[in-house]
Amino acid sequence: MLYKGDTLYLDWLEDGIAELVFDAPGSVNKLDTATVASLGQALEVLEKQHDLKGLLLRSNKAAFIVGADITEFLSLFLVPEEQLSQWLHFANSVFNRLEDLPVPTLAAVNGYALGGGCECVLATDYRLATPDLRIGLPETKLGIMPGFGGSVRLPRMLGADSALEIIAAGKDVGAEHALKIGLVDGVVKQEKLIEGAIAVLRQAITGDLDWRAKRQPKLEPLKLSKIEAAMSFTIAKGMVAQTAGKHYPAPMTAVKTIEAAARFGREEALNLENKSFVPLAHTNEARALVGIFLNDQYVKGKAKKLTKDIETPKQAAVLGAGIMGGGIAYQSAWKGVPVIMKDINDKSLNLGMTEAAKLLNKQLERGKIDGLKLAGVISTIHPTLDYAGFDRVDVVVEAVVENPKVKKAVLAETEQKVRPETVLASNTSTIPIGELASALERPENFCGMHFFNPVHRMPLVEIIRGEKSSDETIAKVVAWASKMGKTPIVVNDCPGFFVNRVLFPYFAGFSQLLRDGADFRKVDKVMEKQFGWPMGPAYLLDVVGIDTAHHAQAVMAAGFPQRMQKDYRDAIDALFDASRFGQKNGLGFWRYKEDSKGKPKKEEDAAVDDLLASVSQPKRDFSDDEIIARMMIPMINEVVRCLEEGIIASPAEADMALVYGLGFPPFHGGAFRWLDTQGSAKYLDMAQQYQHLGPLYEVPEGLRNKARHNEPYYPPVEPARPVGSLKTA
């Protein structure tokens, strides 16, 4: 053994070939600060071996290196810019030493090689991969850019266009595509990986392969003519501006850095990468996006822990076909859980099956599946008008009309047709689970399971624990949701649960703005372009359905009369009374027409102004800041109340529910991350300017306490240790 660290070791393999093996404790390898330091120490040993002829890098895990240790990011990003820059220089000196070894080097890459893992293998001369490879640089999705030389080496290896596509979009690619673009040199079966790697190294050692020529382009300026460079970078900047926009600075910074570094050799180019990385790491956007990643890991880990002793349901059923029922049936079948879809008439069943078939055909058109797979999946969705087969189902989700009487009747009837241990769930969006459970003999086997539309796209499923729901019931439904590829978040019961409970105060803020003379078009524009929502409130109401929102608004007002009961006729009432139900009938706040692809496209409709004039004061202009404050304060206050009341268990789960269920702008990180970023005291000062608008604008006492004591909602993060100690961590 030449060297042994905590996460890697170095040893002789054969005939002057050494192997450097990543083998961290636990299930995966990460390129954390300690591993970078250890890699440097291993290279120091290697540089003294005069009989060294070649080096093989490999992993003892199912994945090569899954990336940097993102749990370190928040503390690393808090160190002063100069100190972070020094550490990056140190890390890059390690990868440069790997690249500069006087012998051929090869990385045998299995499974994932992402972020720092990818940057590590870019420093070797050759890369051999297994068919399960996923390799790429996802850093821009975290609000940063590659910092270990990825933005320097990748363009010089692949050419500007392919590298820009991967780096700017934060993409990873599979083995076949990686081979096609030159990111790897060969693909072999797992059992042949080491044998193949040694064979390539031997060819390089004997001179049959020119490893020096392979290495040289990575050390030089990017080979692009002025015209080629202008075309590549202009197109890339245009695409990034269109897709990322102003709220996500990392992709544009990466493109501009690669452009600026193109005329330099490795050292100068790495310096430019460093100068671009460090300011990005100190942005609120980076902290928010890293926070989302960590929250996602936390939420998924919590679900995994909850279901560790539970068998995933093997047979499911959906009550109520239609678009929602068909979407749930498709998602379950697509992920391998057969499903019975029951309704009371053929028309609804046909609608549900058509929806499932449409979604499968989209997969076929995109080349994700073939006809055989499509037929196989659709055959596991069984439409029926009766309860045949319900004695075999493990879990049933009810997705009928949002009416408590109908839901109670359907659930009570179904309870008599299933096994005693079968779990029943309701896809209600607002009706308290306790109310629906009152119709059941076994309420302990019942809970809420709130999917979001469209089911196949929206990652969140709210799992609602009723007062009598058993732990096993919750665990079974969480297991099914996880199997469906969803992110389940368990919340406690109340009208609207978590997501809709906090959404309707936001809509109430919108209604009050319109009542006071705001133009809904400007409100939509400000909330989309300035705050960053994917849709403004008027557009969102049209998509949800004005009739649906009108009904839900009444349910919420009954549940929380002290805050959500209004004493005036609002825009939602006016549109509902005029049968302008939104996208579903082509008229809402906006008018909708189908485009060439059959998708609804919104247009202005002057007729709506006359309608809204009846419920509004004369038009007046509001500043962007005032619109954002009046829209967001009711939502933020209600989110805080939900945490204080135990409806949602943690800031992390609240923020992920908002991002995954409502599209809360990820660059803000969620409501609690947004609060922590600006500070509770600053938020309180802003909110107090609007408390005259009513109870929805009154800041909860818990938040006032946070402001008084300057306390964040997330645990404080300490800056990483000084760079000197990071080197030898």
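The backbone N, Cα and C atoms fix where each Cβ goes, and this holds for glycine too.
According to Swiss-Prot, the feature active site, for 3-hydroxyacyl-CoA dehydrogenase activity maps to His450. According to Swiss-Prot, the feature substrate binding site maps to Asp296, Asn500, Tyr660. What Swiss-Prot records for Met324, Asp343, Val400, Val401, Glu402, Lys407, Ser429, Asn453 is NAD(+) binding site, and it gives sequence analysis as the kind of evidence. The region 'Enoyl-CoA hydratase/isomerase' annotation in Swiss-Prot covers 1-189, and the record cites sequence analysis as its basis. Residues annotated as region '3-hydroxyacyl-CoA dehydrogenase' in Swiss-Prot, with sequence analysis given as evidence: 311-729. Annotated region 'Disordered' per Swiss-Prot: 708-729, in sequence order. Annotation source Swiss-Prot lists site 'Important for catalytic activity' at Glu119, Glu139, citing sequence analysis.
Non-local neighbourhood of Ser429 (NAD(+) binding site): Glu402, His450, Gly496, Phe497, Asn500, Ala552, each in the same chain, at least six residues away, with C-beta under 8 Å from its C-beta. Within 10 Å of the C-beta of Val400 (NAD(+) binding site) we count 24 further C-beta atoms, all protein chains included. Comparing local CB density within 10 A for the recorded positions Glu139, Asp296, Asp343, Glu402, the maximum falls on Glu139.
Taking the Cα atom of each, Asp343 (NAD(+) binding site) and Glu139 (site 'Important for catalytic activity') are about 46 angstrom apart. Averaged across the region '3-hydroxyacyl-CoA dehydrogenase' (311-729), pLDDT in this predicted model comes to 95. Cβ packing within 10 Å was compared across the binding-site residues Met324, Val401, and the lowest neighbour count falls to Val401. For the pair formed by Glu139 (site 'Important for catalytic activity') and Lys407 (NAD(+) binding site), distance between Cα atoms is given as 46 Å, rounded to the nearest Å. Of all the recorded positions in the list Glu119, Asp296, Tyr660, the shortest Cα-Cα distance to Asn453 (NAD(+) binding site) is found for Tyr660.
Around the Cβ of Asn500 (substrate binding site), the number of neighbouring Cβ atoms within 10 Å comes to 22. Distances between the Cα of Lys407 (NAD(+) binding site) and those of the recorded positions Glu119, Asp296, Tyr660 are shortest for Tyr660.
Here the candidates are the recorded positions Glu119, Met324, Val400, Val401, and by Cα distance the one nearest Tyr660 (substrate binding site) turns out to be Met324. Here the C-alpha separation of Val401 (NAD(+) binding site) and Asp296 (substrate binding site) works out to 32 Å.
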